[in-house]
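Asks: Take a look at what TrEMBL says about it:
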- A:2-114: domain 'Formamidopyrimidine-DNA glycosylase catalytic' (DOMAIN)
- A:P2: active site, schiff-base intermediate with DNA (ACT_SITE)
- A:E3: active site, proton donor (ACT_SITE)
- A:K58: active site, proton donor (ACT_SITE)
- A:H92, A:R111, A:K154: DNA binding site (BINDING)
- A:239-273: domain 'FPG-type' (DOMAIN)
- A:R263: active site, proton donor (ACT_SITE)
Amino acid sequence: MPELPEVETVRRGLEKMVLGDTIEQVSALYPKIIQGDPKNFCQLLKERKILSIDRRGKYLIFNLSGELSLISHLRMEGKYFVKSSSDPLEKHTHVVFSLHGGKQLRYNDVRKFGRMELVPTSQKFEVSGIKKLGPEPTKAAFDTSVFYHKLNQKKKVVKTALLDQTLVAGLGNIYADEVLWLSRIHPETPSYRLNEQEVKLLHDNIIIELAKAIRAGGTTIRTYTDAFQHLGSFQFELHVYGKKGMPCERCGASIEKIVVGQRGTHFCPVCQKVK
DNA sequence: TTCTCTGTTAGAGA
DNA sequence: GTCTCTAACAGAGA
């Protein structure tokens, strides 16, 4: 499911619904979601208050009382929502956080790829995965010339490079295709062939597009919902993802779908030429 | 029925 | 180090 805009939308929803709540008890119905000992995980969370909720790349970080943080990655289809403890459990709910006052924060994940981990708050950015992340895609953090030099050193094609979270954090398969179309760059262009001007354009489009998608509450293609179980609306603003065979909005050519780095990749064969 | 596809990433092997 | 491929899993749609 989620790329950066969807995770950010989930984070904002959770802030509204569970910030300040205290965990009474936790049950891990599908323990493989949890890194480390699941019993220990459930035990450690008891009576912790949710003080703040951060995001880094596609990772959610719940900061809890007693200097403990819960790192959560939704991978393909992970979802959070809040229900009353009296509501029947959904089919794919795998971790239940019972909060004082009768609410439950439920983690639901059809494909069971999501992962959770507890770490001391002081080490929340040091866990594997987060430690290796590149800059957030914001004007303040994401530097064009650093991006250019990193792309320049890579042998991969640009689409694959964009999915590499160490160059810039947060892009996934949908937004990678979208920013390449916006920048008129063919997804199979070797990343070292991009000149500074093209990289600047790509860089700016990444910042603009992810911010726009956050404003739209993310993209719902099949199953994504935020913590309120609302759909996103950015799917109505996509230009190429999922548009195979439809006319390019710029030139009218038929959008093609190919496989790049084992991922479905959409592009316009006329506006996006390989260099 | 059976096959292919799906918003991710860690880890193995070259 | 760097790159590529696979596995983890379930369901929708052809």
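Heads up, the Cβ atoms here are built off N, Cα and C, so glycines get one too.
Note that the structure is predicted; figures quoted are calculated from it, not measured.
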Asks: Please give me the CB contact count at 10 A for A:K154 (DNA binding site), counting all chains in the structure.
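Replies: Its Cβ has 15 other Cβ atoms within 10 Å.
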Asks: Could you check which of these recorded positions, A:H92, A:R111, A:K154, A:R263, sit within 10 Å of A:E3 (active site, proton donor), going Cα to Cα?
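Replies: Those close enough: none at all.
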Asks: What are the DSSP helix, strand and coil residue counts for the domain 'FPG-type' (A:239-273)?
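Replies: Looking at the domain 'FPG-type' (A:239-273) with DSSP, the answer is 0 helix, 12 strand, 23 coil.
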Asks: Could you round the CA separation between A:R263 (active site, proton donor) and A:R111 (DNA binding site) to a whole angstrom and send it over?
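Replies: A:R263 (active site, proton donor) to A:R111 (DNA binding site), Cα-Cα distance: 18 Å.
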Asks: Of these recorded positions, A:K58, A:H92, A:R111, A:R263, which scores lowest on Cβ atoms within 10 Å?
Replies: A:R111
Asks: Measuring Cα to Cα, tell me the gap between A:K154 (DNA binding site) and A:K58 (active site, proton donor) in whole angstrom.
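Replies: It is 23 Å, counting Cα to Cα.
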Asks: Look up A:K58 (active site, proton donor) in the DSSP assignment and report helix, strand or coil.
Replies: coil
Asks: A:R111 (DNA binding site) to A:P2 (active site, schiff-base intermediate with DNA): how many Å between their Cα atoms?
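Replies: Checking the Cα atoms of A:R111 (DNA binding site) and A:P2 (active site, schiff-base intermediate with DNA) gives a distance of 13 Å.
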Asks: For the domain 'Formamidopyrimidine-DNA glycosylase catalytic' (A:2-114), what's the mean pLDDT in this predicted model?
Replies: 96
Asks: With every protein chain in view, how many other Cβ atoms are within 10 Å of the Cβ of the residue listed as 'active site, schiff-base intermediate with DNA'?
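Replies: Cβ-Cβ neighbours of the residue listed as 'active site, schiff-base intermediate with DNA' within 10 Å number 26.
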Asks: Provide, as an integer number of angstrom, the distance between the C-alpha atoms of A:P2 (active site, schiff-base intermediate with DNA) and A:K58 (active site, proton donor).
Replies: 8
